[in-house]
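What Swiss-Prot says about this one:
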BINDING   Arg37, Glu95, Lys135, Lys451  (6S)-5-formyl-5,6,7,8-tetrahydrofolate binding site
DOMAIN    232-376  domain 'TrmE-type G'
BINDING   242-247, 261-267, 286-289  GTP binding site
BINDING   Asn242, Ser261, Ile263, Thr266  K(+) binding site
BINDING   Ser246, Thr267  Mg(2+) binding site
Amino acid sequence: MTHFAQAEPASLSHAATLETIFAPASGQGRSAVAIVRVSGPKAGFLLGALAGYCPEPRRATLAILHDPENGEALDEALVLWFPGPKSFTGEDCAEFHVHGGRAVMAGLLAALGRFEQVRPAEPGEFTRRALLNGKLDLAEVEGLADMIEAETEWQRRQALRQMRGALSRQAEMWRQALLEALSLAEAEIDFSDEADVPPETSRRVAALIEPVLADLRAELGQARAGERIREGLSIVIMGPPNAGKSTLLNALARREVAIVSEIAGTTRDLIEVHLDLKGCAVVLTDTAGLRDNADKIEQIGIARAYERGREADLVLWLSEAEAPVAPPENLGMEVWPVFTKADRVEPLENREGLAISATSGLHLGRLVEAIADFAGKLAPSGHAGLITRARHRQAFERAAAALDRCIREASPVELLAEDLRLAAQALLSLTGRIETEEILGEIFARFCIGK
């Protein structure tokens, strides 16, 4: 063990400028174990003040925590010491693993909060410090946020890949190729009297940027796959009144989400349910029944139903098996006829669509399997591409547009260099090295306090 007096702040560059922050790093409420994380120049001091000593780095050690104000024992806990820069934030960090009772946590947090230049952390502040200290880049931070929010197996896999730097590494490889091409162009600017790019330089630049442009286009071609995995596949249930839309929603959700009634017009607004369908996140939306003689309020719901249907990845068009209704035209890219209340009629033959009964469960499993297969084609779980957010897609589009100009247009060497510079900057923005504070604030606001 290391005596507390020997534990000086390892991150001395931050000691004079940064406050020390603390926060629970585990969930709210009572639990067997709770964790409080501390980061900043006073982390070692706080560890010594409460535990009486500073343990060996990165080794869990049993200690009795005392309130420095009155010396009263707070809890028997495991404490850990992470001297910077070898820590999550890059600063001196400490962790207190205590019993998860509310009184224990309240006592520990109160004791920490009484020290000067020590304050509770803001949402995402630990991760923000990791970003500022170069421990993570912005794409990895986004992957970490997605990992915390992941609810399905596909989301977990994609988030882990992002968190481990898949996008960052690939973007940097592309950027290095563009920087090499840029150096060739700038050499021509510095050492040539010609206004246009010499043929030899043009060929060498093209050899560097054409593979990058091809890769960017390939990623943009499957851009929606990654976003679907992260945000969820949009499936909208539509059809005439009393077709069983709300009953199907409740059956797939396995709980009473929507009111089911024989009275037409019961559902007047959109009702959304988030589901885990065989590892794929799905946003299932129930809509108002479509009919001509609707009142004004119901008409608003019908208009919203059409709008959501046109935006959906998949529309399930429901109508009764005894009285099938064809779906309207231009409803969406993918529309499946689904015939409901099929347990009341003879088996349907020679009819395109799937016959089910949401009440009895007849063929409901087939519908789920069909949706899962459809989701797998839209968003393959093995490799969904690097793009998981609109921000990524926009950066790829800016880079691709600039490189396309480089190849298609016989521009003066100065314009060629500028387009190469724009493409490289677009790729650099993926890792956050030139991002604005506004974008950072939006991302970190979604983090929990202790992260």
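Including glycine, each Cβ sits where the backbone N, Cα and C put it.
The DSSP breakdown of the domain 'TrmE-type G' (232-376), given as helix, strand and coil counts, is 41 helix, 35 strand, 69 coil. In this structure, of the binding-site residues Arg37, Lys245, the smallest number of CB atoms within 10 A of the CB marks Arg37. For the domain 'TrmE-type G' (232-376), the model's pLDDT averages out at 84.
Cα of Ser246 (Mg(2+) binding site) to Cα of Ala288 (GTP binding site): a span of 9 Å. Distance noted between the C-alpha atoms of Lys135 ((6S)-5-formyl-5,6,7,8-tetrahydrofolate binding site) and Ala288 (GTP binding site) is 49 Å. Here the Cα atom of Asn242 (GTP binding site) is found 54 Å from that of Arg37 ((6S)-5-formyl-5,6,7,8-tetrahydrofolate binding site).
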